[in-house]
Amino acid sequence: MKSELINALSRAEIDAIEAEITHLPDRKSAAIDALKIVQSQRGWISDDSLSAIAKLLNMSAAELDGIATFYNLIFRHPVGEQVILFCDSVSCWLMNGEKVCSKLQRTLGIQHGETTADGQYTLLPVTCLGDCDHAPAMMVGESLHHDLTVDNIEAIFK
Amino acid sequence: MTQSPLTRNIQGNGPTDILAYEASGGYLAARDNIGKADPADLLQLIKDSNLLGRGGAGFPTGMKWSFVPPADGNGHRYLVANADEMEPGTFKDRLIMENDPHQLIEGMLLSAYTLAADVGYIFIRAEYHLAIARIRSAISEAEQKCYLGDRILGSKYSFHLQVHISAGRYICGEETALLNSLEGKRATPRAKPPFPQVSGLWGRPTIVNNVETLCNIPHIVNHGANWFKSLGKGDNAGTKLFGASGRVKNPGCWELPMGTSIREILEVHAGGMQDGYMLKGFLPGGASTDFLTPDHLDLPMEYEAIQKAGSRMGTGLMVVLDDRACPVGMIANLEKFFARESCGFCTPCREGLPWVQGILDKIEAGHGQAADLEVLERQALFIGAIGNTHCAHAPGAMEPLVSGLKYFRSEFEQHIHDGRCPYAGES
């Protein structure tokens, strides 16, 4: 069974997931960690990855998919090199966040949930980034950008 | 003695390593108490301090802890730091975790020792990259110095602390949803009872506390319950991280005595409104708190007074509505957030919130009808009733709506009458 799994998951991925399992009371409890480990290598969770992880954790693919699709930071579709998380919560809304986001959408030529044609960026809305004293805010990959305006947003992507 | 214990290491923007923390008196409480103090005495101390949970609900921490059954030796007991800061308008726990991570670790160590917990988790949202890096580095420093791990500081007490990085969703901040997520499941809140203190993580006794709550513990242990009580104004104990966002001159987060007046926070610390903007209303502590208005400026920010005024202090970080932003649009934004972040388990929340959102969007777009306000009010009754849902997500969602309909009714009516948003074009 293990050799069949290696085709869908790398040795390193399996080892990392097994390492998580060692400090958990059962294999299923590693579900979210396992999804994140594989996503960190591949950018997203394909159906094949999902099935392989489910097998490794002794759970059904359907149950694991229920978990994967619950969490907004687990991606079941391919995403760009970098994911843009644009805050659409209330403090950013009050500071013109919607207009800034519209400008960003025009600049990149994508709507929420879409990826640029060059595969560079995927744009997603996100709940409050905890940076409200510098609203509006967004994350590009792991970088936080804030005090955004319709005038300064374009330069970030040049 | 410092009057701003939580931010004493933050104001100077100094180093965040363990040597700097120790030099400022850090881990003194740990060295004096781990393996030496009677956990029952520490529990009594926390009860006597009148510390109320800083995550939003304001439940007495000592009382929460006292529901944990005595150790039975049959397995793990857990302490979880809720670092899943995601309440819209709230940015206080990030400040501590990024700038003084050891304070959280020492708070967890002392709390875990008091509760006889042997495993701890810091459940932190994935977007807090800097906080995650600093906490991880602080945990490894603390392990090297024997503040964490086996036989801490030569005692018989062991406590292992791990970081769990979330995969997203606001509902993970609800403590039983958080526990399900830690167990690798969908983050649907659990029906209570049983309460986590008795049957929490993997069915074992578990305490979940907010980051700011835990950071108060070392200071109470060092300086005593009376000192802690003396920090607040009136009958209120301790300091609190307060803050403001929106069109104020100086948005930010400040450690102030519990019970500081709203006026002082908004006019002195936040610097008042930006030029050309007037204060129309505010949410006192996050998206799930009822609107208050300029009539409430002289209230003290503390749980009881804000509750008496018909709202909740929540996280204590205020979201300010100015006179040039549309209240209907703001409430539509809030309900869109609540509808999206419902876990989908309980019907009133899953079905009701998108319905409310749809009506609000319709009114904001100028297509509202007079009967819509009645529907919203009836929805608020059903969705907002405690007991119709497992958790407080749906009732919390109704707080800004019900209070908004009360304070900004004429704006709703004007949208419907004019068939357009009167604020369109403003910003």
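Including glycine, each Cβ sits where the backbone N, Cα and C put it.
Within the same chain, residues at least 6 positions away in sequence whose Cβ sits under 8 Å from that of A:C128 ([2Fe-2S] cluster binding site) are A:C87, A:S89, A:V90, A:S91, A:C92. What TrEMBL records for A:C87, A:C92, A:C128, A:C132 is [2Fe-2S] cluster binding site.
Within 10 Å of the C-beta of A:C87 ([2Fe-2S] cluster binding site) there are 28 other C-beta atoms, taking all protein chains into account. Using a cut-off of under 8 A between C-beta atoms, the binding-site residues A:C87, A:C92, A:C128, A:C132 that neighbour chain B are A:C128, A:C132. Secondary structure from DSSP puts A:C128 ([2Fe-2S] cluster binding site) in coil.
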